[in-house]
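Below is one structure, written out as structure tokens; comments come after it.
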Amino acid sequence: MSLPAAASANVAVSSRRRGPNLNIVISCPECKVYPPKVVERFSEGDIVCALCGLVLSDRIVDTRSEWRTFSNDDQNGDDPSRVGEASNPLLDGNHLTTRIGQAQGSDARVTRDLNRAQSKSIVDKKDNELQAAYAKITMMCDAAELPKIVKDCAKEAYKLCFEERVLKGKSQESIMASVILVGCRRAEVGRSFKEILSLTNVRKKEIGKTFTIIKNILREKNDRGFANIDTSNITTGQTSAETFIPRFCSHLGLSVQVANAAEYIAKHSKDVNVLAGRSPITIAAAAIYMATLLFKLNISPTRISQTLQVTEGTVKGGYKALYEHKEKVVDPQLIESGVVKWDNLPRVSNDKSEKAN
């Protein structure tokens, strides 16, 4: 006997199905209607029978897409966000506050007054001070063209230190300049002490003392487990000359090849102690000047001194010291490949400089 087409199809499907049927079907035990008529009530987290109202399941999770805010959604004053703003680790408040919504018509003035009164009552004074300081730090970093990572590191250092008793009596400018210098050291962004000093009206001695205090505070808090900051870059002393060279070469319009040659000179000048005791800026200026002479570039020592904020005599004196050890500080591959020649370097003497024959 042949089976109907529908029955044969069901038999074929059941024959292909292997293993247990894991489909979960929720049905009402009271109504016993199939297919069941159930309703998901996400507001209560329940699944109920639409016929008798019996709760079939509870504590369900709403898997639908969340409300989203688009650029033009605030035209009517509505904000669909239900989770509030993201927490800011640089502030101390928990950011859990009640916000009074906007009203239309005659109630607008009342809600505005309520918002003003509430803001005065719940504002955290400490957070206000931190935000004002962060705004000043951001402005100073922007003036020095520092990247965002330096700003964040400086703000983190400021938050850890600004309430310390040992900083009482120190000016805010000296503290901010010091934390910016800390941020530069942590992010390995080359900035000299003189460049940071130019952002403030504070004496160099005061910033130096404040920087030492902040450095000790951060190291102590890190050792005690109150902070997780790598202080190795902060406590290593002066920034190396090689970190300044790429930026100053860029300001002078020099190529990468010249910058690399200057970095090589600055790095290997330490091996012969030819410029021992000189500041990193002085070493960088002398190395850049020597590299420009090697490549026969028309860059005067006056221009280099103005760019690096040193005297012209400092540039020439540094070059004179490097010239005496030129075979040890200049990259030998440049000479061997014929890219540059020793004759390109002006010969120096105690009296004057003259061109080598």
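Placement of Cβ uses the backbone N, Cα and C atoms for every residue, glycine included.
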From the ranges 23-57, 128-162, grab the one Swiss-Prot calls zinc finger. 23-57
The one of CYS31, CYS49 whose CB sees the fewest other CB atoms within 10 Å, among these binding-site residues: CYS31
Within the same chain, and leaving aside CYS28, CYS31, CYS49, CYS52, name every residue whose CB is within 8 angstroms of the centroid of the CB atoms belonging to the recorded Zn(2+) site, in sequence order. PRO29, GLU30, LYS32, VAL33, PRO36, LYS37, ALA50, LEU51, GLY53, LEU54, LEU56
For the binding-site residues CYS28, CYS52, work out the Cβ neighbour count at 10 Å and name the residue with the minimum. CYS52
DSSP helix, strand and coil counts for the repeat '2' (248-324)? 52 helix, 0 strand, 25 coil
